Amino acid sequence: MEGRNLFFLTSIILLLIFTFLNLPSPLSHTTDQLFDCTTYSPWCSSKKPFFLRQPENSKNHYADFPNHPLDPLTIGEIQKVKKIVNSIAEFRMKGCVLHSVVLEEPEKEVVLNWRKGHRLPPRKAAVVARALGVVHVLSVDIETGRVTRRETGSYSGYPIMTIEDMITATSAPFASSDFNRSIIQRGVDLADLACLPISTGWYGKIEEKRRVIKVQCYTLKDTINFYMRPIEGLTVLLDLDTQQVMEIIDEGKSIPIPKAANTDYRYSRIKKNTQKINLLKPISIEQPNGPSFTIENNHLVKWANWEFHLKPDPRAGVIISRAMVQDPDTGKMRNVMYKGFTSELFVPYMDPSDAWYFKTYMDAGEYGFGLQAMPLDPLNDCPRNAYYMDGVFVAADGTPYVRSNMICVFERYAGDIGWRHAECPITGLPIREVRPKVTLVVRMAASVANYDYIVDWEFQNDGLIRPKVGLSGILMVKGSPYVNMNQVNQNEYLYGTLLSENIIGVIHDHYVTFHLNMDIDGPSNNSFVKVNLQKEMTSPGESPRRSYLKAVRNVAKTEKDAQIKLKLYDPSEFHVINSNKKSRVGNPVGYKVVPGGTAASLLDHDDPPQKRAAFTNNQIWVTPYNESEQWAAGLFVYQSQGDDTLAVWSDRDRAIENKDIVVWYTLGFHHIPCQEDFPIMPTVSSSFEIKPVNFFESNPILNIPPNSPKDLPICKAAASA
Ligand SMILES: *[C@@H]1O[C@H](CO)[C@@H](O)[C@H](O)[C@H]1NC(C)=O
Ligand SMILES: *[C@@H]1O[C@H](CO)[C@@H](O)[C@H](O)[C@H]1NC(C)=O
Ligand SMILES: *[C@@H]1O[C@H](CO)[C@@H](O)[C@H](O)[C@H]1NC(C)=O
């Protein structure tokens, strides 16, 4: 290989690695000893893989030890797991890969009964390993060093891809001279290539009995935003295990590669507006007496009346557990939610052509939502008063590494109002009572290749929890022969919007499905109640009114009663109540799930991607708690066929009344791209709420004090006119 090419190829791989991951390692002093580089790691040809580096200023996690039954595996524990797994001959072999190593959470009852100061329940790891093409699900007891459970997967689909899978996939096509030729024929220098590993979904033939992936490429020439320069119609089908190129589809040769002009989004590179724009002056939140939250032992968050356990997870991203709120009357901590997390994402593109039909991503189960969560940028991703939490994850060969600053926690004061009332002159009462709204935010941002998902869990001291998803990043675009809409024949459909010359933003959806194991005042006796608003007609002569709305309560007996499609003209509230507990005046205590702006999947139920993503067929589902039913698309999602989804579980129609129940909520977006989304998208957000309903005896934040100038730093608002 020519020296220059080698250099550029290396730079491309490097770039891709930094695009997809940022795998720093905590292992500065013991790297050699810990990283025994066996041949089965494809990217691991030298002793020290170049991306496993100690991040600057990162915290040292060597001394970490678990303090809580739900604390994630520590570096030391992961090293033990690696040793234990390696002690089994089958898993020492070349070709054995660890797809996932996480804490196997103790049974819920054990966690609920555990108290601070108690001995921790036995620490176990849940390991998904693949050896000779067979998937093994292992339970590893870290203390005894024994593998206590070992099953081979019986569902369709493969485990989450490893980061190493993704890296190999993007470099494997270069082994094919046909591929090289196709690229050169498009007028692209091989040195300028950037390729993406695209999960294939499942359509039947080519995905049968082998792990495959599709690779599509872009040119990096003259821009860092290679996503805007697609080599349209060129798709490489790869065997993910042998890295063999199975097929190269080279269509759309006549489609030009869009120009690099105006695609860069880096502040240092964009052309600064020549017109004078009013720049904002610096802004920041000050907390003169420090933050009001504490994080005990790195995972137990305490703020205002809330307490919850927080941890990073390679698949879900952020997991909130044991969320409890203090009752203002009794001072007792009351259970609200045992576990909440983003269980799966589904992102189908709406273009059935050869190079596009398969783009129907499931970012948690295929790519790892947490694995793709990059270090947050202090002052910009999170405000100055934020606390940062690192993730400790595991490479395919069992080596631990640290993803620094993966989650941030901060208090937000956005100038909003918690509650207020002022008396008007009619009553003449001199009353003006206002309370500022301060909330606590837990944030993560996952960059799944081009797209960025910002996931917030916002807690309010009035008991409300608001999960929120923001979409930003870069569109997945399609090359087009057109530079202006006036060239497009009236009957031609573009599958999207012409965003810039030769660039179409293809229409797509995003669905984020949340798993919410609600524990309203404890795990048992929870029920799901639809409170349906119905139009009631008055009898003739009864009232000057013809109609009014009546709230009709229906307790869901079984799962099918709780398969909910949202309807504006047949509205309901969705309550989770504890049927054993009543408020002072006799209402069942509860929390309600309050949908916000959302979207429903309109794809045909028999469309293969929709079958795999059947968990988006309803916006709300309720299942009985089952520790094996955590992942809405199933345990193994890659090339899954939809035989282990939430829809399949729910159709068993199990009883859900007076039980420990899980509410599943899907937050959806339809996205018809527009020019403002080019070359990078301003954030689009939506959220929903988990809100107390007759849970407290009265307004729980009556006793919070108003702001007073003496408590705040000297800082004057600009004089107003
Ligand atoms: C394809 O091009 C790359 C980059 O120049 C080179 O490293 C590789 O050897 C080429 N592949 C073949 C089969 O020639
Ligand atoms: C509450 O739950 C417990 C345990 O599941 C059950 O034994 C009891 O019957 C339930 N109470 C009511 C009122 O249903
Ligand atoms: C728990 O979930 C697993 C996986 O879906 C299922 O096989 C099992 O039957 C479920 N148990 C119950 C009691 O529903």
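Heads up, the Cβ atoms here are built off N, Cα and C, so glycines get one too.
Marked as active site, proton acceptor by TrEMBL: Asp363. The feature active site, schiff-base intermediate with substrate is assigned by TrEMBL to Tyr451. Look at TrEMBL and you will find 68-150 tagged as domain 'Copper amine oxidase N2-terminal'. Feature annotation from TrEMBL assigns domain 'Copper amine oxidase N3-terminal' to 159-258. For 284-701, the entry in TrEMBL reads domain 'Copper amine oxidase catalytic'. What TrEMBL records for Tyr451 is 2',4',5'-topaquinone. If you look up TrEMBL, you'll see 1-30 marked as signal peptide.
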- line: Using a 10 Å radius on the Cβ of Tyr451 (active site, schiff-base intermediate with substrate), the other Cβ atoms enclosed count 22
Query: C-alpha of Tyr451 (active site, schiff-base intermediate with substrate) to C-alpha of Asp363 (active site, proton acceptor): distance in Å?
result: 10
Statement: For the domain 'Copper amine oxidase N2-terminal' (68-150), the DSSP helix/strand/coil residue counts are 22 helix, 28 strand, 33 coil
- prompt: For the residue listed as 'active site, schiff-base intermediate with substrate', which DSSP three-state class applies?
  reply: strand
